[in-house]
Amino acid sequence: MVQLFYLTPFSLSVLNVAIMLTLLTAYLWRIPGKLPATRQLLTFLSGVNVVFVAFFYIFSSLDLDGVRIAWWALHFVVFFILFLIQFAYHYPKLHFPKEARRVFIVSLIVSVLVYLFYLYHTTLLEPIYDPSGGLFVYLGTHEISVLVGLELLWAMSLFVRQIRALRREGEGDALQRESHIAAIRKIFLILLSPIVLVALIILAYLDLASWEIVGHLLGTGLMIFVLLFTVVYLNNALEPSSLQIKMVGLSLGAILVVLGFSSAITMNLHKESYLSLKKVEIERSGSEIVASRFEALPEEISFIAREGELIYQASGFDAELSGESGAWEGAWRFRKLEPLEPQSYFITRSLTLDGASYEVGYSYHGYRAHLHEMAEQLLYIVIGAVLFAVIAFPLFFRVSLFIPLQRLLGGVDRMEQGSLDVDLPVGVHDEIGVLTKSFNTMVGSVREGREQLRAAYDQQIDLTDAYSRFVPKEIITTLNKQSILELGLGDNIKQEMTVLFSDIRSFTTISESMSPEQIFRFINRYLEEVGPIVRKHGGYIDKYIGDAVMALFPGGPDDALATAIEMQSQVRDFNQRRAESEEGYVEVRIGVGIHTGELMLGTIGEHQRMEGTVISDAVNLASRIEGLTKAYNAPILISNATYTKLASPAQFNIRHLDRVKVKGKTEWVEIVEVLDGEEEIRRAHKLANRDEFDKAVETFQARRFKEALEQFNTLKQRDEIDVAVDVYIERCQQFIEQGIPENWDGAIQL
């Protein structure tokens, strides 16, 4: 039985491409959670791989029926390229969903119709075999080629549209968008490269280039094309990849390209050696051919023709002349009309002997068998190299590259999580080793820098805490600043607050018997008693004025009044503790004045010295009200504006004390005494007389001073130490004796 399958240089190149595509599709297949673009690309590449397997069979087989089926399978490319179009629609994301569905349906229908026409047409045709090219050629393939070309152009136009769509997007990651645009450009340029291969085929058809050279260039070009596409897509795939896959894939692809190119050169040299050997044989047999002594001819000679007439044929030779004479690159075609038999092909050599033209034909099977022997050895080398690369390269790269890199990435992850106790072992002494050393040095520097930064931060916190003792943090917060460093000269805000002033009564008398050191120690002890109470109730101390305290309450007057009541209680406890531990101690009594109103809080001074302060009539009035606590011997006085803004005024025990007018102001302010700050006995007396006191004050305000005097004298008999009653008695007597001042409105001038 005649052998019908022989490897050729071009079939070997095509096989290399098929191997590369198989490895690429296998990698894409194993990607978990593939995105639509990757699924479309996987389908397209799988189909292209089928095409190259069909090419491999066509360039290697002389079996007519098998080659016919292979050609039919090859032209399935008209369906597979539909998925390249869909890949172009989906990479990097689907911008034209409706159009993509419509184009797929229309393209599929057209492809089916064209393929059915091609199938019908080629079924009726007898294939023409080209021995120089080593393949059967069918007529009627132009429709498929035109359709595939149009579909390829459509896919490339889609890549251009994708770039425009990405540029129109204004949201998202700009760097990622530019990366996708660059990837599309690279894929577009790679898809343009087959145009060069098509140009080579056209040159061969026009006899402007040798089919043999074109075949070698096509094989190498296709391998380089697949290699470039693999590298570009792995670097720009939508799914995560690994450096190991890229390195192994690139190395394997490069090996296949080099082996393919080397195989083509080796096969060409092997072919030339065969042809040279046959040439020598014919030259040595020239005298026997001229003398028609055919007994001594080499067995591989199948026929000899002289001037177009057959003068010798080997046993079993049965063919008719149907072609023109040529050199080794061509072939004479002798074939029976029916059926077409592959063994009817021969390779010929033209020569001139004694002035006559001879054609010597060798068995084409012998020629193909000679090439197949070398191609088979090269095929084993390619398969062995692929297996070696698939097994050895991952191990090599893993040990020498990826394990050190993974160790380095692990250190980076630990560093990202905040751990700086990282010291990686340097296992290799190459660039990765240098990088690992640099990483260890960097971590050490960062660790040292963090320690320095932490020390500086702690120092800054201490400084900030220290500054906050001079500039309250609440002022910084109220001015909408994050830290004292952000404060600037002139920063201000207008806001309603409650202002509290407190002062130690008769402090001069208390301090007369103290040394300066004792005075400071006493004041600080007192302020340590009252300061926390202010903060407890949501206020902050704006400033200390000697023994006096000025505090601000952004939250409302309830906080300030609760502070004042607790301060009075705390001072009584303070006095009791001093009485138990100090000899000759003087009792401390304080007065607290409170007013609520709008004030401006900000920074004043100049660039070398500034401070936070408040500017408002409310501050001045609160200070004046605190001063009245001495005149009326009242622990806590508040303005009526503060009293009316209390959340629950009824829960406090108060009495309306007087009307006052600040100098320079035309409106008077009512003063309210809060009895909750009094000692229990004093509070009980004042509460018992509160109604009569209120009536007496109303009589006074009505200018019935004699009647008011009688009422206050009656109160005096009930409570001899109520200073407020004494003030009103004196005032009534003054108005009775001296008359009412001009424009008197019931208020006293401060």
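Each Cβ is built from the backbone N, Cα and C atoms, and glycine gets one as well.
What TrEMBL records for this protein:
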type	residues	note
DOMAIN	404-451	domain 'HAMP'
DOMAIN	498-626	domain 'Guanylate cyclase'
TRANSMEM	6-29	transmembrane segment
TRANSMEM	41-59	transmembrane segment
TRANSMEM	71-91	transmembrane segment
TRANSMEM	103-120	transmembrane segment
TRANSMEM	135-160	transmembrane segment
TRANSMEM	187-207	transmembrane segment
TRANSMEM	213-235	transmembrane segment
TRANSMEM	247-269	transmembrane segment
TRANSMEM	378-397	transmembrane segment
Stretch of maximal Cβ-Cβ contact with the transmembrane segment (71-91) [cut-off: under 8 Å; candidates 103-120, 187-207, 247-269, 378-397]: 103-120
DSSP-assigned states of the domain 'HAMP' (404-451) in counts, ordered helix, strand, coil: 34 helix, 0 strand, 14 coil
Same-chain residue ranges lying at least 6 outside the transmembrane segment (187-207) that approach it to Cβ under 8 Å: 91, 152, 155-156, 159-160, 214, 217-218, 221-222, 225, 228-229, 232-233, 236
Average model confidence [pLDDT] within the domain 'Guanylate cyclase' (498-626): 85
Summary of DSSP states over the domain 'Guanylate cyclase' (498-626), given as helix, strand and coil counts: 61 helix, 43 strand, 25 coil
Residue numbers, six or more beyond the limits of the transmembrane segment (41-59), whose CB comes under 8 Å of its CB atoms: 8, 10-11, 14-15, 17-18, 21-22, 24-25, 28-29, 34, 66-67, 70-71, 73-74, 76-77, 79-81, 83-84, 87, 91, 134-136, 222, 233
